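First the structure, in the form of structure tokens, and then the observations on it.
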Amino acid sequence: GRSVQQVGIDRSWTRGKSSKKMGAQLPSAGYANYALFVLLLVYVSNQWSRYLLNYLYAVSYEDMTPEDADKYSISYSTGISTSQYGLLVGFGFSFVFVLMGMVMGRAADLYNRKMIIFIGLLIWNVGVTIQGFAANFAQLLLGRIILGVGESFSAPASYSLIADFFPIESRAKANGIFAFGVYVGGGLGSMSIAMALGMGWRGATFIVAIFGFILAGVVLSTIKEPQRSAGDKASTKSQSSSDDEKVSVVEAFNEIFSSSLVVTIFIASSIRFMGGYAIGSYMAVFFADSYPEYNTIYSYLNASVVACGGAASSFFGGWAADEWEKSGQRNARVWIPAIGAIASLPFMMMCVLSGNFYLSMAGLFFEYLFAECWFGPIMSVLQSALSPRVRGIGIAAYTFTTTMLGSLMSYVMGVIFDARVSQGANEISIIKSELLYGVFGSYIIAAALFYHCHRYLGPAGSSENTPLIAKKKLDDVSEPMAADA
């Protein structure tokens with residue numbers, strides 16, 4: 001019989017680019033774009049479910065009756081503290097997310113990736129449903145744990161599919177479009193404030209779960225499993241047969257962490273995610289405390305800011321990296337993230353320190369517009385540095401590292417907040433200082449490390465726009481890593 005990873009492959013929807021040696025073919029451009037759109041919707045659901053609690057927690061109940069507070073405010077209804085909230089949005093989710101992510105990364109290298117995503121959708125929306133019924137911290141924690149398990153299925157399989165749906169020369173743009181999910185999902189999360197004020201926080205939670213269950217049916221019925229390594233083989237003139245061989249977990253990790261480029265990307269991205277987690281976990285709290293009279297307006301404006309500013313930055317970051325590299329600048333995919341991080345900092349100051357709601361929202365928009373250009377280019381570099389046989393587990397290891405450090409920021413900020421409040425410090429001042437110090441420190445260090453990555457990049461490419469590759473290995477600086485992604 002056929003191996004598991006071959007199940008669902010239908011060569012009638014492939015296009016002509018192929019490897020003479022292996023016969024690998026890319027899906028048709030139209031189907032690849034459709035599949036990317038569905039994967040984007042999955043990512044939207046993923047991020048909406050993940051950040052729903054962040055925004056529901058920001059609903060203030062100070063001027064509500066106890067009955068209304070119980071209906072509209074998740075913090076009042078479940079009685080969670082700020083440090084408990086920090087745990088729920090941090091390690092309460094991420095601990096199982098990253099542990100299961102390693103398992104699912106390995107699974108993405110071996111098994112049918114469409115089915116992995118489908119099963120993950122079912123599991124994480126069960127977690128969202130449990131959150132909708134929760135009455136205390138323990139029940140919320142259970143929902144977050146199940147959410148973390150389910151969402152761990154998504155990223156390794158999705159990025160592995162994208163690498164097989166698209167050739168190397170257009171992969172940064174495809175990754176940039178896929179990253180829209182972070183911002184559209186975050187924008188929908190912001191709109192959940194208005195949804196909660198309209199139908200209650202439980203009703204808003206159930207809407208998110210219903211969307212996810214419907215999407216699971218779409219994935220199951222319309223997504224086809226592509227041929228592995230098709231994107232790589234269509235973009236390179238030769239391909240090592242070793243890329244199609246299975247390797248042990250130990251061999252996979254040895255291969256992944258032998259690359260100086262991969263190690264530097266892991267460190268830089270982890271630090272960059274710390275700033276992102278600070279904004280994602282506490283920016284809504286900052287606006288709720290600083291401008292409580294704008295609660296509903298914030299819900300809609302922030303949705304537009306996050307979705308439009310973040311998505312535009314993500315798209316143009318990927319597009320600019322592809323185009324700049326095609327012009328011969330081999331460092332484009334690491335320089336753009338560094339430039340964007342530094343350019344966003346004045347707008348972060350404007351957001352937190354302006355004292356005017358609309359100026360703060362404008363600052364947040366431009367912060368997103370500059371800062372969020374990084375993920376598509378960096379992910380395309382990482383995909384290029386990982387051979388297809390370890391790509392799934394490599395991306396899972398990346399997710400493990402970045403999520404753990406990012407979650408640490410959320411938890412530490414919550415603990416510091418509670419400790420300083422108990423000492424009599426002003427709550428708004430605490431949030432402002434935590435956001436500024438956290439984001440500035442994260443972005444500056446990450447930018448320096450992204451820039452440093454150029455030391456490990458190979459030439460911009462051949463006439464086929466061969467991707468950036470790792471030029472050094474930790475154990476052998478004389479041999480370049482093969483261009484696999």
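Each residue, glycine too, has its Cβ placed from N, Cα and C.
TrEMBL labels come from automatic prediction, so no person has curated them.
Going by TrEMBL, these are the annotated features:
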TRANSMEM  24-44  transmembrane segment
DOMAIN    35-456  domain 'Major facilitator superfamily (MFS) profile'
TRANSMEM  85-103  transmembrane segment
TRANSMEM  115-135  transmembrane segment
TRANSMEM  141-162  transmembrane segment
TRANSMEM  174-197  transmembrane segment
TRANSMEM  203-223  transmembrane segment
TRANSMEM  261-285  transmembrane segment
TRANSMEM  297-322  transmembrane segment
TRANSMEM  334-359  transmembrane segment
TRANSMEM  365-386  transmembrane segment
TRANSMEM  393-415  transmembrane segment
TRANSMEM  435-453  transmembrane segment
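Segment contact is absent for the transmembrane segment (203-223) and the transmembrane segment (261-285), given fewer than three CB pairs below 8 angstroms at sequence separation of 6 or more. Counting residues 6+ beyond its ends, the transmembrane segment (261-285) has Cβ neighbours under 8 Å at 51, 54-55, 57-58, 86, 89-90, 186, 190, 193, 298, 302, 337, 341, 364, 367, 374, 378, 381-382, 385-386, 394, 397-398, 401-410, 413-414, 431, 434-435, 438-439, 441-443, 445-446, 449-450, 452-453, 456-457, 470-472, 474, 481 in the same chain. Most Cβ pairs under 8 A with the transmembrane segment (297-322) among the ranges 24-44, 115-135, 174-197, 334-359, 393-415 are made by 174-197. The transmembrane segment (334-359) makes no contact with the transmembrane segment (85-103): fewer than 3 of their CB pairs lie within 8 A, with pairs spaced 6 or more apart in sequence. Over the domain 'Major facilitator superfamily (MFS) profile' (35-456) the predicted model carries a mean pLDDT of 91.
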